[in-house]
Structures are given as structure tokens and as C-alpha cells.
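Asker: A single structure is presented below for examination.
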Amino acid sequence: MRNSLDSGEITTVTDSANNDFQYFSELQESMDITLMNESKSSITPEQQQHLFQEEKKSKIGSPEIPSDNINLSNTFLGDMIIPCRPQNITQEDDEENEEYVQTLHELQNKWFEDSQRTFANISWYKRPSLSFLYFIIALYLLSSTITMGPLLMLTQDKICEGIKSSETVNALNNIPSLEDNAVSMAKRMGMTMPAPEDGMASYCDPTLLQKSLSNLQTSLSIVSGILGFVLSGKYGQWSDKYGRVFVFKIFSLINLLHVIVLIFYFQDKIYSGSNRELMFFVLAIGSLSGGVMSLIAIGNGYINDIVMPHIRTISISLLMSIVYGILGVGPLLGSFIVKFISHGNNLVPLYFSLGIGILSTLLTYFFMYESRHPHAMEFSKLRHDQQSNNVATGGTDSNFVKIFFYRCYYRIFVIGFLSPLKKLWVSGAKHKDSSVSQINVICLIIIDILSMANTVGIGNVMILYSMLTFNWDSVKIGYLMSLGGFGRVFVLLIIGPMIIKFLELKVKFPILTTSVDRIDKVCLTISLVFVLLSTSVVLIINKEYGIYLGCALQSLSGMISPTIQGSIIKYGNNLEAGEMFAAIALIRHLSMLLLPTFFLQIYSHTVDFCPKFFMFISLLGSIVTLIICLIFLKARVAEDDEV
């Protein structure tokens, strides 16, 4: 039973006598919708999505799909048949079903071409664009990074106020109680009193202040890592089901809420107390967005939706360059505002951040257009409904313990926050040499983790080593951070694209869309060599300039992250790109939760007899990473050839 269908219509048919599935078939057949075809290619993506939802509501009364026990056989989208899950195989076998994967690959290509055709026929300001994506992400990051320095000083002052309230601390610092009361009363009355150059912190015992601040920062780091680990996968799922813009809207609201709460908490006229638990809660709100890595993952999904595969790596490199650039510019701009505009008032950058956050939110809600095809989002919802249905109906064994663990497994690894990790396992149906493809993905993940350990993981320890050996102050530390950030921007914006173009046009290396190619391997190899050189330079040169030279060499490895992410996505499908990028972000969050702590512990146990010991571990890791890239990572010369 099938009606005549135009391109883009969704109808589900079946010959099964199952009543539940019959109802599902009739429901899907009622979706007589045409979203995009040759004659209606001028419809905007928002109109497509609106038309899709309105037609569903008008014809079936509700957009909800029944969650009863449904055995899906074949789903028709346009003139294509998608075998959702044949009745003789389980959900886990979907990705090994050759018919399913091949048809899915054809469908995602068709939707990508439809989207490109639609975007080409509408006005430039109504279509998804890389420039607008970069601008939104830059505003979002600027709103959060501009407050990094001032927020640290405000937090320090609040902690100092809490310490001063203790009689023991008052005695240690010889501060009369009468003076304390006068300062507190003057602040409540809005009076200006002469303050020490270092703020309230100069009244406190430096040891207690540093200990309290360190404990707070450690707790925030742990919470941020855990929330990023848990939420990054869920945000990736939502971006596939509801669209990339939907998740960007969530990010912008969380950022705006965070800045507003910070202003209320640190504004003495509104709240003059110093509650440690409340301070921790206020500072931790921003972590609900999953951190910078989650933002990058959703941005990469947006890029994957609208750019051609052969320019995907360059586009991701541009995104990473903007991230590194803003991470360097934001703190400097915050310091400039405090010094030259607010004349020492650390609250003023928060108001600048609020203004930038409002602008970012308005642009995201009213001017950012969805990049994901409406049918692709609907298909992701259908798959999620099927997976959720397995939780309710799976596990027919009479043993309660088996059923319990079965449902726990599904809720965590199939529909839970760890489910994106399954997308990193390459299916044998899409790749004939699935073993090589699986080894390549595993190698890319290991290279990513080890390169993070040898760069970001040792960053804090390198600063501590420089402070111990060369008596560095905050100015020199700032120079080092700026050198690393702007060096990566230079690599990602100039050197990286030049290398890719040279290999493609001069050396004639082809860009492959389904596996790691020689351009990917050359970029990774060059970057990993610079990581190895950076650690070696610091070990060999026992001078202050050796640290700067090592940082400059390390910044030349900036192509690692975009190359790895652009290579891994080649082994997946565009319909699940958001979850694949989320899986990468999830692994990176877990790595950042463990690696800095590992190197800090190594440093603390070896600083007495060999402060450079952590560098030998980093050097060994760099050598292992380079060996994995050269020997175990296989690059193809063409689609059917292997190096």
C-alpha cells in the first residue's frame, strides 16, 4: 500500500499484521509533505521545517510518534527505501546491515545535495554560512573569556571577605574589628574608601587565601570536566535530532544566565555576603554548556552540514583558529578594560560581557539559520524512538537481574550520554576493509589523546617549572600564553591551508571523503614532529628562552585537532555527524579531566630531585605518538588503494 510520492515525502509501509505497526504505517502515510524539490527550491530552511511540522499537526493531529512496541521494517523517504531494522536482526546489528548502510549513504548524499541546492537559491543573509557561524562563536567565547582575569580577582576578594570574618584570621593579620566594621558599613552605603593596590586580598593571610582559592579552582575544574563529559554527548544527540541552532540557543542562554548571576553575586550593593557554597554554584553555572570542546563539536557539525568534504578540514581549522584567537584576545581585552576604562573596577568587564552575551543571544535566536536538513532531523528522531523503545520492550528473560542490567546498558550506552561513543566503531557494511578502518579510527583517537597530553596536559606543569626555575611572574606567564595562542592562530589561518593546497595542487595528493588520505597523514606527521621538537628543546636548553622557543614550536602543531576531527568524520555518515563530533568531545573532556592531574602529581613527587622528570614522560609520549602515526595509521592513495 503506497500513495504516489514526490521527492522528500515520508511514508512508512508494511505488510505486517501487527496492529501497532499498522497504526504506525497509517500515521506515516498521512505525512503527505513536500519540503524541497526542483520547483520549490527557493523555500528557506526555516520555512521547510515549519511546513514539515504544520503538515504533520494538521493531518494527524499530533507530531508525536507512538512509543509502543513497533517492529519497523522499511521506511520510505521520497523514492528511497531505508531498512530501519529488519525483524531478524537487533538494533546493534543495524550498522552491520549492508543494505541499510548503503541506502543510508545514498540518502544522506541526496539530502546534502538538496540542502546545497536550496541554499544556492535564497538570499545570502537567509542561508547558513561559515562566516556567521564563526562570528557567533567568537562573540560567545569573547563574552566568557573577557571576564577570566577580573573574575579571578573578584573571587579572591570574596574569599578574603569570608576569611576576614573569622576571628582567628583577624588575629593573624592584626586587623582591628572596628576597622572591619567600618569597611563593611562604607561598602553598604556606597561610600568610596581608599583600598590597597591589591584589593581586599592584601588584608588576608596569603597562605590561607591561596589555599582556599586553589581548592575552589580544583573543585570547579573537576565539576567542569564531569559536566562536559556527561553533557557533550547529549548535546551532540540533540543537535542531530533538533538541529545545530537549537543547541547554540541553549549555549547562548546558559552563557547569558551565567553572566547575570555573576553580576548579582559580585555586586556588593545587591549581595554583600561571602558564602562558599553559593560562590561555587554561581561559578559552576557556566559549565552547564559543556565547555569549549562541546561548542567546537556543535560548530563542527554545522560545518559538516554546509561545506563540501574536500574543504572540511580547512573550515574546521578556521574555526579552531578563531577559538585560539579569542582565548588569547579575551583576557587581554578584559585587562585593558580594567586598567584604562574602569580604572581598577573588576566589575566593569562583567557588564561588557553581559552586552556581548545579549548580542550573541539575539543573533542566535533571530538571525542564525538551521544547517541540518529537516528530513535528517526527523530520521534521527525516529532512530532515537526505536532505541528508546528497546529499553521498554527489551530483555524478555525472566531473570530480573539480567533485565535490570540490560536496561541500564541501553540507557547509558544506547540512548544515554555515552551513546555517541558507539558511533566511533566503524561498520563493516560501509567499509569493505572494516578492520583497517577501525584501526585507523582507534589510532586517530590515541594520537589525539597523546598529543593533548604532550601539549595541553603539561601546560600547567610547565608554568610551575618556569616559576620555580626562572622566577617568572604573571607578566611573563601571560607572554607565554599569548605566544602559544597566537602561534596556533597563525598556523591554522596561514600555514595549514598553504600546506594543504600545496599537497593537493602541486604534489597532486587527492582528497578522499571516506578514509584517511595522504594529506591527512602528512599534516599529522609534521605536527607531531613539532610536538617532539618542542619538548626536546626545553629539555636541552636550560635557559629562559628555551621555554619560549618550545612554546613556539608547539604552536606549530595546531593542525592536529582539525585534521583528526576531519578524518574521523570520514568514517561516519552525515546523519550522525553531531554525535560523532560529540563522541570526540566526550573523549577529550575525559582526557582533560585526567591528564593535567596526572602530570601535576608526577611533578609534585619529583620536583625535589628532578623537576624535569615530567618532560621525559612527555618526550616518550611524543615518540610513541609519532610511531603510531607513521606505522599503524594507514592512508589511502585512492578510494580503493592503500599505502
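Counting starts with 1 at the first residue shown.
Glycine is no exception: its Cβ is also placed from the backbone N, Cα and C atoms.
Note that TrEMBL annotation is computational and uncurated.
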Asker: Check each of the ranges 180-197, 216-233, 414-431 against TrEMBL and return the one annotated as transmembrane segment.
Answerer: 216-233
Asker: Contact between the transmembrane segment (521-541) and the transmembrane segment (581-601) is defined here as three or more C-beta pairs under 8 Å separated by at least 6 residues; is that satisfied?
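Answerer: Contact criterion not met.
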Asker: Tell me if the transmembrane segment (132-154) touches the transmembrane segment (315-338). I count contact as 3 or more CB pairs below 8 A, with pairs 6 or more residues apart.
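Answerer: Since 3 or more Cβ pairs under 8 Å link them, the transmembrane segment (315-338) and the transmembrane segment (132-154) do come into contact.
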Asker: Can at least 3 Cβ pairs under 8 A be found between the transmembrane segment (278-303) and the transmembrane segment (132-154), with each pair 6 or more apart in sequence?
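Answerer: Output yes: the transmembrane segment (278-303) sits against the transmembrane segment (132-154).
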Asker: Does the transmembrane segment (547-569) come close to the transmembrane segment (439-465), meaning at least 3 CB pairs under 8 Å for residues 6 or more apart?
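Answerer: As far as Cβ distances go (cut-off 8 Å, pairs 6 or more apart), the transmembrane segment (439-465) and the transmembrane segment (547-569) touch.
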Asker: Can you say which of 132-154, 216-233, 477-500, 613-633 has the most Cβ pairs under 8 Å with the transmembrane segment (547-569)?
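Answerer: Stretch with maximum Cβ contacts: 477-500.
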Asker: Sequence-remote contacts (6 or more beyond its ends) of the transmembrane segment (216-233), Cβ cut-off under 8 Å?
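Answerer: Residues packing against the transmembrane segment (216-233) from afar: 155, 159, 276, 279-280, 283-284, 287-291, 293-294, 297, 416-421, 579, 582-583, 585-586, 589-590, 592-593.
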